[in-house]
Amino acid sequence: MLILNGFSSATLALITPPFLPKGGKALSQSGPDGLASITLPLPISAERGFAPALALHYSSGGGNGPFGVGWSCATMSIARRTSHGVPQYNDSDEFLGPDGEVLVQTLSTGDAPNPVTCFAYGDVSFPQSYTVTRYQPRTESSFYRLEYWVGNSNGDDFWLLHDSNGILHLLGKTAAARLSDPQAASHTAQWLVEESVTPAGEHIYYSYLAENGDNVDLNGNEAGRDRSAMRYLSKVQYGNATPAADLYLWTSATPAVQWLFTLVFDYGERGVDPQVPPAFTAQNSWLARQDPFSLYNYGFEIRLHRLCRQVLMFHHFPDELGEADTLVSRLLLEYDENPILTQLCAARTLAYEGDGYRRAPVNNMMPPPPPPPPPMMGGNSSRPKSKWAIVEESKQIQALRYYSAQGYSVINKYLRGDDYPETQAKETLLSRDYLSTNEPSDEEFKNAMSVYINDIAEGLSSLPETDHRVVYRGLKLDKPALSDVLKEYTTIGNIIIDKAFMSTSPDKAWINDTILNIYLEKGHKGRILGDVAHFKGEAEMLFPPNTKLKIESIVNCGSQDFASQLSKLRLSDDATADTNRIKRIINMRVLNS
């Protein structure tokens, strides 16, 4: 909708087109090993600032996995150390923290004994007692607190990570989020993050699928294998409608919560035709890959038969969107598959609106990342052909697209000198790589905002010029919150300089009780947002900051010329309704200099 001074009725339910906000630009090389790397973000909706921080990462030194050779999408985990040999699954084993650092047991003191026995966490009581042992990284850098919980009745074990920012992470609370020996459930090799909660009661819940024999030929070398150890990330749900201070998994293995957002990892359970939007509910059993393989570093077989075919972003706003599960974004992954080695060769982002789809513009074609050599399969082995291509928009168009979808309110309030949500502004700049910390100095924040606003303006100026000579803008001058700001619109001859981005439209449907009838001259800097716009139906023409407008005439309801001017505008077929609705017409002209 058309925006004035940051006022809008936009909500989280509105569909945001996909873009690649981070990474994906070029292969990078760092460190003495010279490994090539690249990052491809996932189509994750921003929510209220607490969304999963997931992406696809490529390393030319990486092994095979659910995304093909070299690629991974790692969630937070804690694992037993294997660099010194197969774990013994007793007190002699060492653990690796989420950052890969070796964990050591915290010293026990009289004031802080370690370990301790716990029967509850906060207000939540447990049906059994737990032995809780505190750990810390051998080399301290993150300043988090780690606790290893072991049930004294059933032996179930999990980890709690207390982050320095107050967020609590629960890893491996249920068997679904633990990678264990199928023949000895107590031999847990990895604990995967299963739930996170902020001090404000915002939650993220991670679901996993266990490997099985679906669509696998169980004859030959596949016969007799126990393939149930592997865990695949299936869903990430966040945006709980009602805040909750305690972890849901304390009291339920499957939280019955109204989630507003779900990120789905699809392994072939849904169709991959780009013309057909896939459903939220899986329709088929997952597909088997051509190059299954096994890992044995934990002392038991971890067999992998699956490839992630696509990543889907769903919104759940049934009242606003008319359906329970609305697909809004999609990352479609294409592979060069063969029995020797499978490579990810292409990635496409698609956005969905209603019954149609739109593919992100092709602005950049990437060279193929060099894969590791395939395993030797006799003398005739050859490397699979690479067809890698990544699609990405320019940083300036990304900034403009985000402004149209969510950023307009903060940016325009900031530019006009009004009160603005500073925390939200910092989170936006941090999430879009304009800041490297969420606690910048005033100078760092000011410089980051300047760069971000300049990128929006450059993205706008890169759009095609338009032949429109008249655009419209609807104001509500009688609105108390705007009366002081807009009093300059009431004097003929005034030259108004709008410090913010100014939203207009050639469509007369978006007017209020006051019409700004804006005449344009050749060479003006307004641009129709078109495909970049979030609100597609408005035909929005956006002007950059500091646009000058001169008031040429003001025609109020009841004046001699009002009926004539209103008739010329031809707002609708109902002249009486227009007269009752419209209170004044302000004729203005954009000054190009």
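Cβ atoms here come from the backbone N, Cα and C positions, even for glycine.
Copied over from Swiss-Prot, here are the features:
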type	residues	note
REGION	361-384	region 'Disordered'
COMPBIAS	366-376	compositional bias 'Pro residues'
DOMAIN	375-578	domain 'TR mART core'
ACT_SITE	Arg473	active site
ACT_SITE	Ser503	active site
ACT_SITE	Glu540	active site
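Calculated from their C-alpha atoms, the gap between Glu540 (active site) and Ser503 (active site) amounts to 7 Å. A separation of roughly 7 Å, to the nearest angstrom, links the Cα atoms of Arg473 (active site) and Ser503 (active site). Over all protein chains present, the Cβ of Arg473 (active site) has 24 other Cβ atoms lying within 10 Å.
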